[in-house]
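Here is the structure we will look at.
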């Protein structure tokens, strides 16, 4: 096995000795005068919200009214039923097999959310969608109207 990189010193032993002499000149083995680097501090990302489908803003840039509206929307989304995808015993049932938002097949055990129109989506996909537009991506039925009417009948 050869080394394709040319070096002025072709002898591995001489490279090893050079490395040891470099360390000795830097005072290895003694306490360095430098402090160790500060620990890595992970910055918490600022959430990005979509007050309307065409706008994207950081949470810190929203007005109080927009923050209230987003909090209400999140509250409504949390009231939508969620579950786990189960295609059935034989898997041949006429069930939806693909999330139309991400175009990925559902896999047994995937977290899903049910909309009042009976369409299902991956939980993360539909939650993100509903933060932008409160309509079903398949049939365009308003989700909030169906949610509010279901509260009135109970």
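Glycine is no exception: its Cβ is also placed from the backbone N, Cα and C atoms.
According to Swiss-Prot, the features are:
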- 1-12: compositional bias 'Polar residues' (COMPBIAS)
- 2: N-myristoyl glycine (LIPID)
- 4: S-palmitoyl cysteine (LIPID)
- 14: phosphoserine (MOD_RES)
- 25: phosphoserine (MOD_RES)
- 37-40: motif 'PPxY motif' (MOTIF)
- 135: phosphothreonine (MOD_RES)
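Counted within 10 Å of its Cβ, the other Cβ atoms near residue 135 (phosphothreonine) come to 18, all protein chains included. Per-residue pLDDT, averaged over the motif 'PPxY motif' (37-40), rounds to 66.
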